[in-house]
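Visitor: One structure, pasted below without further comment.
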Amino acid sequence: MTTSHMNGHVTEESDNEVKNVDLASPEEHQKHREMAVDCPGDLGTRMMPVRRSAQLERIRQQQEDMRRRREEEGKKQELDLNSSMRLKKLAQIPPKTGIDNPIFDTEEGIVLESPHYAVKILEVEDLFSSLKHIQHTLVDSQSQEDISLLLQLVQNKDFQNAFKIHNAVTVHMNKASPPFPLISNAQDLAQEVQTVLKPVHHKEGQELTALLSAPHVQALLLAHDKVAEQEMQLEPFTDERVYESIGQYGGETVKIVRIEKARDIPLGATVRNEMDSVIISRIVKGGAAEKSGLLHEGDEVLEINGIEIRGKDVNEVFDLLSDMHGTLTFVLIPSQQIKPPPAKETVIHVKAHFDYDPSDDPYVPCRELGLSFQKGDILHIISQEDPNWWQAYREGDEDNQPLAGLVPGKSFQQQREAMKQTIEEDKEPEKSGKLWCAKKNKKKRKKVLYNANKNDDYDNEEILTYEEMSLYHQPANRKRPIILIGPQNCGQNELRQRLMNKEKDRFASAVPHTTRSRRDHEVAGRDYHFVSRQAFEADIAAGKFIEHGEFEKNLYGTSIDSVRQVINSGKICLLSLRTQSLKTLRNSDLKPYIIFIAPPSQERLRALLAKEGKNPKPEELREIIEKTREMEQNNGHYFDTAIVNSDLDKAYQELLRLINKLDTEPQWVPSSWLR
């Protein structure tokens, strides 16, 4: 069968199915496995009225027949009424005269009547009431039986639903057609009228001249002509041409998708080749194809504007569409895949723990739609329908990025990174028997790691991909602890001490624990928490310490409870920790804000240390830079932000700004913290 979807209407013909869709399109780049079928156009996408000459002619003919019928009925009624004695007496009364206003005179031959007539819509209740009334007027048993059957039918739920559909279609079919401009040169016509009225001196002519020359009216006529010109330039779409073309496809079910192609609005669809067919491969979120809901993955493209597509590769399709603009008509074979209606997907926010560049990825299905991002970026995942390739927006780019981009799915990224590590380990040289054994065990573990679905011991944290995030605004009375991380001689201790000295009422340090004896000038609970070695070791076993160590046979450490005491006091806890402590801290309920203090360039670092009276050797500077890279690579996923300390005063101001921002703006934190 043939079904045509035009401007929301559905009409049915025979043999083949046809659907018309209004969509739009963006720019195209290079072919990979899929290609985005987008190309530039002159106008923005908009819904255009479909005007079919044959239909319009039939409507005009029906209107003319109805007008003649009404005239004949009117004449008949007039003859009947004229024979009335009462009307003859009324005719003797002289008629009232009024003022003849030529403005409202119509030209000869023009009949002002609406092409659509009001259709009364009956409700089920009206039908039921009418049947009950008829039932009371009928007396024979056969009629009563027939009415009873009809009443049962009217009360049937399926009938009532069908009746509602009938009413809805009736209302829709009787809506007036969109207006079509009579002329596109209203400005010229107004100028001509003003020229004709120049020699005229009577009041009405002067008033009309002033009206037509008013700036607002001139602007209105200009706007009218611009819109009318676009409307009248559209070539009326002829269904006959399309029906002739689809006849060659025999009994195959086809559909027509109508698109108004634009230069700057993306279509959001990709195509691929299957043998000699061109198949819609992917519908991208945010595009006109996805919003219309009428273009589907798996549809085969047969024709575009009467040009046969079968046998062309995706590059030829791109070249073809590049030269087309305006209204495009696609003839498609619908996909045979039966898919459940897509559920409304919840947007998931994730933090990326790796860098991604689609131009360097041989696996991305459509390189033009690949979304690049850097470690630490927030991504808004809006579709996981394809588990290997998610559709996402990058934080801050939603307004500038009309189409969602493709990013690797979590499992897919983990598996290929595991395989990549396995291949790299296979290439490592074997140096000694002992190293060979260690390498062999590691390699074996990684190979098991690759099969993530079958490995119960699989550690997701070992291969970092994404971390689900949520927005969190810290309460005024419960501040997040500030953690400063960085290699030695990068200034984190100096920055921490400056904050403590300048704003003592706002910042505080956690009181550490120790097993050494208290000295005379020390106060328990202020300088240290003095505990026995046995108690200290028990707390270590219980995981109560963020970090701990041994110095001169005495244990020292910072506990989670010590940090919590500062938070409960309403102050901001300042800590300078080693990277080994970050995992324990992040797994606690303290919600830390971790700032990485990074060194500047090697030359700038030498100058800064020289100001402090230090004269480091070149190898020491290289070691600091290398340590920085190592910390970023191994622990960068824990960092909330970073400060490059090229000047201590500027670094201090930036640190203070970031801390103050926690009070005014919500921050992205792991979703697990808020559960």
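Residue positions begin at 1 at the first shown residue.
From the backbone N, Cα and C atoms, a Cβ is placed for every residue, glycine too.
Residues annotated as ATP binding site in Swiss-Prot, with sequence analysis given as evidence: G486, P487, Q488, N489, C490, G491, Q492, N493. Swiss-Prot lists 120-177 with the feature domain 'L27 1'. Feature annotation from Swiss-Prot assigns domain 'L27 2' to 179-235; the stated evidence is sequence analysis. Residues or ranges marked as domain 'PDZ' by Swiss-Prot on the basis of sequence analysis: 256-336. Sequence annotations record features per position, and here Swiss-Prot assigns domain 'SH3' to 345-417 based on sequence analysis. Residues annotated as domain 'Guanylate kinase-like' in Swiss-Prot: 479-660. Here Swiss-Prot flags S14, S25, S83, S84 as phosphoserine, drawing on similarity to another entry. If you look up Swiss-Prot, you'll see 21-140 marked as region 'Interaction with PARD6B'. The annotation region 'Interaction with LIN7C' is assigned in Swiss-Prot to 181-243 on the grounds of similarity to another entry.
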Visitor: According to DSSP, how is the domain 'SH3' (345-417) divided among helix, strand and coil residues?
Guide: 14 helix, 24 strand, 35 coil
Visitor: Counting Cβ neighbours within 10 Å across all chains shown, tell me which of the binding-site residues Q488, N489, Q492, N493 comes out on top.
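Guide: Result for the most crowded candidate: Q492.
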Visitor: Taking the Cβ of P487 (ATP binding site) as centre, how many other Cβ atoms lie within 10 Å?
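Guide: Other Cβ atoms found within 10 Å: 20.
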Visitor: Under 8 Å Cβ-Cβ from G491 (ATP binding site), six or more apart in the same chain: what's there?
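Guide: For G491 (ATP binding site), the qualifying residues are I597, L608, N645, L648, A651.
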Visitor: Across the domain 'L27 2' (179-235), what are the DSSP residue counts per state (helix, strand, coil)?
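Guide: Grouping H, G, I as helix and E, B as strand yields 41 helix, 0 strand, 16 coil.
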Visitor: Going along the chain, which residues six or more apart from C490 (ATP binding site) have their CB under 8 A from its CB?
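Guide: Once residues fewer than 6 apart are set aside, C490 (ATP binding site) is near I597, A598, P599, I624, T628, N645.
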Visitor: When you measure from the Cβ of G486 (ATP binding site), which residues in the chain that are at least 6 apart have a Cβ under 8 Å away?
Guide: Q492, F596, I597, A598, P599, T628, M631, N645
Visitor: List, in sequence order, the residues of the same chain other than G486, P487, Q488, N489, C490, G491, Q492, N493 whose Cβ lies within 8 Å of the centroid of the Cβ atoms of the recorded ATP site.
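Guide: The answer, listed by sequence position, is I597, P599, N645.
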